[in-house]
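Note sheet for the following structure.
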2 protein chains.
Amino acid sequence: MKNIIKIGIVGYGNLGRGVEFAIKQNPDMQLAAIFTRRDPKTLVVADNSVKVLSIADAEQYKDDIDVLILCGGSATDLPVQGPQFAKMFNTVDSFDTHAKIPEYFEAVDEAAKSNNNLSIISVGWDPGLFSMNRLLSQCVLPEGNDYTFWGRGVSQGHSDAIRRIEGVQGAVQYTIPIDSALEKVRSGENPELTTREKHIRDCYVVAKEGADKAKIENEIKTMPNYFSDYDTNVTFISEEELKANHSEMPHGGFVIRSGKTGEDNKHNQIIEFSLKLDSNPELTGSVLVAYARAIHRLSNEGATGAKTVFDIPLAYLSPKSGEELRKQLL
Amino acid sequence: MKNIIKIGIVGYGNLGRGVEFAIKQNPDMQLAAIFTRRDPKTLVVADNSVKVLSIADAEQYKDDIDVLILCGGSATDLPVQGPQFAKMFNTVDSFDTHAKIPEYFEAVDEAAKSNNNLSIISVGWDPGLFSMNRLLSQCVLPEGNDYTFWGRGVSQGHSDAIRRIEGVQGAVQYTIPIDSALEKVRSGENPELTTREKHIRDCYVVAKEGADKAKIENEIKTMPNYFSDYDTNVTFISEEELKANHSEMPHGGFVIRSGKTGEDNKHNQIIEFSLKLDSNPELTGSVLVAYARAIHRLSNEGATGAKTVFDIPLAYLSPKSGEELRKQLL
């Protein structure tokens, strides 16, 4: 391969590790460096031949890195890091606070454009692959309804909410889509579904010694926003069981468009996209890496500013030529 | 709406009608004319205020039509019409002879480019939406396997093959994916599936009076390429039943990517896209119409030549602005 794409990672949590593994599956890419806020010497990375550096030194590596993948969180890291690194590098991130995407886009666009860099924001699966399918299926079927179901998967936010309850030592919460609701949607019925009808919340909780389990269960089930609008199951388990059976990060979900076409709109047309993931951060990392390729190529063509998954032709994600793609995949 | 996109249709069979219905669902579009090889006066169209014209007169309407949607067949119509009309109009077609896509692309590209027109070929669902999902999921999960299942749906080619058998008056063949194979794929097993393990062929046949049904059944089941590699069911029914229960054109299918990620590739990741269509030609027509919008916009930006679904950013399919899309759908 002549032109290896040199990738940098900022932030080495679950997502950063997911990106590291994904890069290894793409022979046209190479991990050039991992930047961390921690003491670089303390970081144990999957491939110990990779440079681990302080995030403060990133700017010095501007010329050694084609695309920087930002693996920080959306709450506090990315709002600062997105615009900051877009001034120095081409960037890819997974900013996922849906309500704040417009302002984040503007900030990154401004920073990237004024420095002739190219960034793509909000890459992953939701926002990301799910958004692409919402857009595509709405354009194909303008008359219809959208349904998104999440799970079965771990919700970090809901697990954290349980952990903050007094007497709780550990907890994992799974969001589970309700099969009968999915089936109703797939049948073309176009049902109106309440929150309770779409998802179950399944909680595995380790109580501290002597804690009042009935009280914990009640606090979970009545917690507004997080649990009170759902049918919630609470199961108390041991610390060992939590570690043994609930330390993976599965997730997934379904985006379904149920539309109508033809004379008197008599025909039901269902478009469905779904994910079943053993590892949420590894899939997200894999999507980020595919878009890093696209950003590298578009940047070489002179594009600047901020983009989203809506703006990039699919061909740019692939190492194959247009000719190969038409022959093999169309 | 200020800039209505004026669409022309060439060929008014099932697909042409599907396009006609789809245009009505898109308020930024208008059907300007239908061109036919038949005597225009004999054509009964859904909206009788629409101009019906001879295909021979199409060139005179060059300035009245923004995008021409070619609804002819891939065997004999499109190889001629594609390059021919790409010289005069921006075009969209559903050319679906997979093996001949590269040469068809070249012919349309040359014709469009040398006349400053823009064409997109092979739009629909396979090739089309299925191809897009194959490409996207391969790029996200480079280590894995692709599976495509078709159905439950009517196969025109297989139905025609049965109708050519002596003693057969009418027939409809449904291709049906086998659930247990689908479930194996979804489980992440990465099975190797034979032809017989993936699809069943279900045939509804009307025999002529006095015909030898056992002989017909045997001829169907042993027909090479079409049926002999499959488990095939043959059910004899009356002409009335065929008309009453088998005159619709349902179809659909599944594109599944089963990949692996992470340390020692230990995590299964499944990406699935599926369609469940009451009307195959109406869904195909709806996809063609969405891409007509993209072609109109890209042509206004100065693009020329031939494109495929791999080359068009999804945002171009939508009447909404980038800002609206980021806010509402990302």
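Here the Cβ of each residue, glycine as well, is placed from N, Cα and C on the backbone.
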Per TrEMBL, A:W150, A:T175, A:R201, A:H251 bind substrate; matching candidate in A:N115, A:N116, A:N117, A:N280: A:N280
Cross-chain proximity of binding-site residues to B (CB under 8 Å), evaluated over A:Y12, A:R38, A:G73, A:W150, A:R201, A:N280: none
For A:R38 (NADP(+) binding site), the one of A:T175, A:R201, A:N280 that lies nearest, given that the binding-site residues are compared by Cα: A:N280
Count of other CB atoms lying within 10 Å of the CB belonging to A:G73 (NADP(+) binding site): 17
Chain-internal residues near A:L15 (NADP(+) binding site), provided their CB is under 8 angstroms and they sit 6+ positions away: A:C71, A:S94, A:P281, A:T284, A:G285, A:L288
Residue from A:W150, A:R201, A:H251, A:N280 whose C-alpha is spatially nearest that of A:G124 (NADP(+) binding site), among the binding-site residues: A:N280
Cβ packing number for A:R201 (substrate binding site), 10 Å threshold: 23
Confidence summary for the domain 'Meso-diaminopimelate D-dehydrogenase C-terminal' (A:124-279), mean pLDDT rounded: 96
